């Protein structure tokens, strides 16, 4: 696979962006023949994977990737529970920042459902924009984690206007960078059905390499906090467990999706298990923060019967 070509990835994995990707390398499903000099000028469909989860027809509506849809619907419930638990820790360090991050992930999952389930079907005029928004939100989450990773070092006061502007501003830059890298690449391929360029190196650098670097920095920061600041090996274990789930999810999606799909007779593919791993990764991100932040025992917060927050400054 060339660095700027998605053909090798998309032939194995049914990623949403593959429906708007064009390449000279295509797989002919009827006889499993790979063509390297394919002319995609008048082709509206992107690179087809060797195997993908089958769709179902429900009430005259075609729903794609049903298994992955159920996982993402369940993920919405998990994120809502996490948001509720974060809101209950009134005095925890990084409460506002993590609340914002998980709100971003909630929005990302919603757009993932829109893209994966065919609410905006592949081939429609809106589909490339929804895919670009999904990629942009994923990038925003990665860029937000970059800033959140430094909270444990007390470089600035958490929860302040400055801190929230830093997190929100960085995530907004991440969204813009990933969205533009995606949609400009897509539009170069779909405008007037002409291929101005099939070079996607800019998109690969922004969406994959830069985001991966930011996630790596976040993990290193969390490890330093767990080992040097809070000195809690349970936190370190949660970090490694989350890292394991994340890496396992990427491997299942990008390396073994075809084998999974064929093994499950087209009912499931790598995206199903990748989504499960992503949910567990987010749970470990929350658990890591939960174990490293305790409410101030000298500053109690309770909720009255009328629903008002009551602050009690004193020993509990």
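Placed from the backbone N, Cα and C atoms, the Cβ positions cover glycine too.
Looking at 23-43, 233-253, the stretch flagged in Swiss-Prot as transmembrane segment turns out to be 233-253.
Beyond the ends of the transmembrane segment (62-82), by six or more residues, the same chain brings 14, 52-53, 55-56, 102, 105-106, 109-110, 112-113, 116-118, 121, 267-269, 271-272, 275-276, 278-279, 282-283, 286 to within a C-beta distance below 8 angstroms of the stretch.
At the 8 Å Cβ threshold, with sequence separation of at least 6, the transmembrane segment (200-220) comes into contact with the transmembrane segment (170-190) through 3 or more pairs.
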